[in-house]
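Novice: Just dropping this structure here.
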Amino acid sequence: MKRTIIWLLLVSILMTGCINKHILDDIRIVTAVGMDPADNGMIEISVVVPRYNPDKSTTSETFTQLTSLGRFSKEQLSMSESKPFVTGKIEVISVSQEIAQNGIMPLTDGFIRDPSVGSRVFLFVAENTANELLQGQYSSQDNGMFISDMLAQNVERGPLPNTNIHLFFNQFYDKGSDPFLPLLGLRNNKIKILGLALLKDDKMAGKIGLKDLFAFKTLQEKNTKGDHYLVKLDDGNEVYLNKISSKWKVNMTNLETSPKVEYDVNLNLAIREFSGDKLDQARIKKIKDKIEEQFKQEAEEMIQYFQELKVDPLGIGSLARSRLRSWNKEKWQDQYPNIEVVVNSKVKISETGIAE
Amino acid sequence: MKSLSIPKENQIKAWYLFIILHTMQVGVGMAGYPRLVFMEARQDSWIPIIITGLILHLVIACMVFVLNSFEKEDLPGILTKSMGKYVGLVVSSLFVIYFLLLFLSVIANYIEFVQVFIFPQMKSWFIGLLLLTLVWYAVYGGIRVAIGSSFVFFLSSIWMVGLLHKPITQIDSRNYFPMFQVGLDEIYQGVLISSYTFLGFELLWMVYPFINDKKRVGRYSQFAIVFTVAMYLLTTMVAIGYFSPRQLEEKVWPLLTLFKVISFPMFERFDILAVALWILVILPNLILLAWMVSFTCKRVHGWKQKYCLAVMIIFSLLFVSIFDDRELVNKLTDFTGRVGLFLGFGFPFVLLPFAIRQRMKGKKKNAKSS
């Protein structure tokens, strides 16, 4: 009996060699996928695959394919290739603005159903076509990795709010908020973040530019840090500030009848550059007041714009839902455009650098 | 049926119960559980979990009471003693089938994981063979090897709780509010749903005679329940906070999807490894269940345990290779859960009157002899 068991164990161990393996040199690792509209309702899928050159540099190879469903089909792509495509390392998924405006939900199902696609994948909207964005050569990395690193570092310490495919679906399925995606485009042959695309359900309804990102990130996330802010004082001087941290509290009144939403934002900033000559207490006080005023105006205008578009990327609806037992989506959507939203901010300038 | 007399070297300490009952309860059901309970009780899912936990404490207390009344008996022994030879035989056989169902549902569910997440082309019989060989090896060595291996697997998988750290940082607390919105009916449904996931404590019926210090059985089995409930509470609440409500409903295995957010510099897609590591959570279940099936079989019918084991393993292998679509696996799981509601949760209370009668008898005897 013992011998049988030893045999069985031996066979099991040896048989583990029989599973299908993926040797790196023999597969094409897809790092980016782009989707563009084509004729007759077809979708053009572009995939980026890194090619590791003998001189240790990496270039991107782009393959395109036409599909009817918009599903990225690795099998179909592989048909005209000598090596199979694998999806385990997709870093970014890009859809063109036109597709985003028509609804991106039918196109992304494959990516959440496929267990080999991670939830930290970046989904973004390309200003013109995704193909054009993915074709360029931007650095010594392949484009998938490059765009992913670029977005990641801008989320980490730049103006971009936290975003990935998991958060996108999180907001999409949340009854009280609408999703947003980074909007990228080409400027002087460089890929650049242009702002955010705002979506209503799964259709792109509008966008905000770079100048609104500061207010957006501050209000979208409970605690943020690392961003910059530029104010022009009344006397013509300019101040460039770093955000050390920010947090907010929200006050909601009259949720049943005519809701009023009041954000209290605490901003902790540090002065990095000042175009004037001397920074004394009076000046700093002036700068503080100016920022408070400017931030309030920017934030409120931005929210009004959201209300006109009837999109809720800040998740005000979710905030209301967690406060009101009888909350329902239809009623909230009727109320939303007319809600009074007030943003109060309190600025603390904690540092002025090492010069006076 | 003869009572068991376990030689000293085959006995185990009571505190092992903490580990083995806990590992039995935490298993394949855990990966999908947060979604199932959420679909019933929404953001108030913690209420049914805690209620299920309280019920479990009661069930365990009842089991320990029954077992203590019969002193050195295990389940088949108690059944024949209290219900007579034939009824006892039938009911014990029912339990054998029930343990087998549990075993099959665990192995079928794990094979499904592996096929969905890592190796879609791998044949069910092949994964089954790999798992069952290990199970055979562990059970063949007897109860001490079975329990010892469970202990090792417990230690090598418990650290995975730490992996929840990353999803916890991304929790949106809005998802927990407003509280107390759930109705009685939903709580009831949530408790029912929880039943399958919390099953496995039936092991106590079989392992009791092997325990060295029987006075501490109650204490350590209750500890095991506390730990299990805490574990389920934690994973469910993290899943509810991390996913938005409808998103959670879409995830078949929220716990495994949670791991998708984890990434290490040298290990980018940790979720793939997590599914593979899940084998460490599953194996103790399989080993202990296989021991239960074969040992109960031996007790009831007097057959040799190794033949029971061989038949069972071959049967399981055939079963997983023939029935391998998800629909069927789900049906099996549901059915097992429903059976478990009666045989696992309900049955101890059926035995309660018999245990009381046994105690009265014992007292009379004592009174006479003194």
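Backbone N, Cα and C define each Cβ position, glycine as well.
In TrEMBL, annotation is done automatically, which means it is predicted and not curated.
As annotated in TrEMBL:
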type     : residues  : note
TRANSMEM : B:12-33   : transmembrane segment
TRANSMEM : B:45-67   : transmembrane segment
TRANSMEM : B:87-111  : transmembrane segment
TRANSMEM : B:123-143 : transmembrane segment
TRANSMEM : B:150-168 : transmembrane segment
TRANSMEM : B:188-211 : transmembrane segment
TRANSMEM : B:223-243 : transmembrane segment
TRANSMEM : B:272-295 : transmembrane segment
TRANSMEM : B:307-323 : transmembrane segment
TRANSMEM : B:335-356 : transmembrane segment
Novice: Sort out for me which stretch, of B:123-143, B:223-243, B:272-295, B:307-323, has the most Cβ pairs below 8 angstroms to the transmembrane segment (B:45-67).
Specialist: B:223-243
Novice: Does the chain bring the transmembrane segment (B:335-356) near the transmembrane segment (B:123-143), so that three or more CB pairs sit under 8 Å (pairs 6 or more apart in sequence)?
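Specialist: These two stretches do not touch.
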Novice: For the transmembrane segment (B:307-323), could you work out the same-chain residues 6 or more beyond its ends whose Cβ comes under 8 Å from its Cβ atoms?
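Specialist: Tertiary neighbours of the transmembrane segment (B:307-323) are 100, 103-104, 107-108, 111, 123-125, 127-129, 132, 135-136, 139-140, 290, 293-295, 297-298, 329, 332.
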Novice: Tally Cβ pairs under 8 Å between the transmembrane segment (B:188-211) and each listed stretch (B:12-33, B:87-111, B:123-143, B:150-168, B:272-295), then give the stretch with the top tally.
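Specialist: Looking only at B:12-33, B:87-111, B:123-143, B:150-168, B:272-295, the most contacts with the transmembrane segment (B:188-211) come from B:12-33.
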Novice: Please indicate, using numbers and ranges, the residues of the same chain that are 6 or more beyond the transmembrane segment (B:272-295) and have a C-beta under 8 Å from a C-beta there.
Specialist: 20, 23-24, 26-28, 30-31, 96, 99-100, 102-103, 106-107, 110, 113-114, 117-118, 131, 134-136, 138-139, 143, 146-147, 149-150, 153-154, 156-157, 160, 163, 200, 202-203, 206, 256, 259, 262, 305-306, 308-309, 312-313
Novice: Against which stretches of its own chain does the transmembrane segment (B:123-143) lie, if we need a Cβ under 8 Å and a gap of at least six residues from its ends?
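Specialist: For the transmembrane segment (B:123-143), the sequence-distant neighbours (Cβ-Cβ under 8 Å, at least 6 residues beyond its ends) are 10, 12, 107, 110-111, 114-115, 149, 207, 210, 279, 282-283, 286-287, 290-291, 294-295, 306, 309-310, 313, 316-317, 320-321, 324.
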Novice: By a Cβ-Cβ criterion of under 8 Å, what residues six or more beyond either terminus of the transmembrane segment (B:150-168) are in contact with it?
Specialist: 16, 19-20, 22-23, 231, 234-235, 238, 241-242, 258-259, 261-262, 270, 274, 277, 280-281, 283-284, 287-288
Novice: Residues sitting near the transmembrane segment (B:223-243): Cβ under 8 Å, six or more positions beyond its termini, same chain?
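Specialist: Cβ under 8 Å, 6 or more out: 17-19, 21-22, 25-26, 30, 33-35, 37-38, 43, 45-46, 49-50, 52-53, 56-57, 60, 161, 164, 167-168, 170-173, 175-176, 194, 197-198, 201, 251, 254-255, 258.
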